[in-house]
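Note sheet for the following structure.
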């Protein structure tokens, strides 16, 4: 299975925040086959022991969040149209053209109901309606639909991963299945190398898009000394300020912030330079908006750094990443672990 095939399997498995079981089942099976024993945390995070931790030695947690943004069914009206609410930070501007699936008793395809432009007032036609003004149309009436769908069911984008030109890919859930793929590939490389110099746990965590509870609680149970939180970050695209973004294809973005560990940041930079792995720096002025924020205060405290994969069009069904960035992220993680230069 190459990087694209692994990433496609991860992205195409549904896993909206708080209901990640479909994606978690697939990921757990892959990790168990390739990397080591797997357990599920009480909140559903997938925890794989790649190298068993030993007392007195460092224990590194490699984290990426498994959940994706999506929606939840709130109401079915008398005509069978479905009201939804966002789960995570949805970009509502793209919803009118989106294909969706309701994850009910069976998977139910849906589209967004909207007024034709010919019937819209000119001012209203210029603005994307908010999610709470939209309805989903499944083709069913109320009685038929209620046999399959109920309030509380989750809704996901239906946008299978596909290739673009130049090694890029597009689809849903690349935030953060791209990070999950990098962690999986790194864990496999560490396992195959027979490395045993420190404990290594791979964590594919739940609920990041709604508060990060999955990583914070799993980190409390795993009790690592160090953590690399692998996520996506903004890549340069039209209208973006280059000072605020990374660049697709230029390698992972090593993060530093007041809430992160400076020594781990420096060690990752040195490792990348020594191994000839392309990388970028991401400097943040406060909290990171990643699982590192929660993991760093788990237990008595965990030294954390972020490693981000550049991504365009975040929280849409058309997210874009570069496969080379994912592979270089995995290579840097594996080299960092095997090099043993934790921080200084």
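Glycine is no exception: its Cβ is also placed from the backbone N, Cα and C atoms.
Automated prediction, rather than curation, is the source of TrEMBL annotations.
Annotation source TrEMBL lists active site, proton acceptor at 208. Look at TrEMBL and you will find 65, 175, 231 tagged as Zn(2+) 1 binding site. Positions annotated as Zn(2+) 2 binding site by TrEMBL: 175, 209, 315.
Projection of TrEMBL feature records onto the structure.
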| residue | record | CB count, 10 Å |
| --- | --- | --- |
| 65 | Zn(2+) 1 binding site | 30 |
| 175 | Zn(2+) 1 binding site | 26 |
| 208 | active site, proton acceptor | 30 |
| 209 | Zn(2+) 2 binding site | 22 |
| 231 | Zn(2+) 1 binding site | 24 |
| 315 | Zn(2+) 2 binding site | 18 |
May I ask you to report the DSSP-based helix, strand or coil state of residue 315 (Zn(2+) 2 binding site)?
coil
I'd like to confirm something. Which of the binding-site residues, 65, 175, 231, has a Cα closest to the Cα of residue 208 (active site, proton acceptor)?
65
Take the mean position of the Cβ atoms of 65, 175, 231, the recorded Zn(2+) 1 site. Which other residues of that chain put their Cβ within 8 Å of it?
64, 176, 178, 179, 208, 209, 230, 232, 290, 291
Separation of alpha carbons, residue 65 (Zn(2+) 1 binding site) and residue 209 (Zn(2+) 2 binding site) (Å):
9
Check the Cα-Cα distances from residue 315 (Zn(2+) 2 binding site) to the binding-site residues 65, 175, 231 and tell me which is shortest.
175
Where does residue 209 (Zn(2+) 2 binding site) sit in the DSSP three-state scheme?
helix
Using the CB centroid of 175, 209, 315 as the Zn(2+) 2 site centre, which other residues of the same chain sit with their CB within 8 A?
68, 69, 88, 89, 176, 314
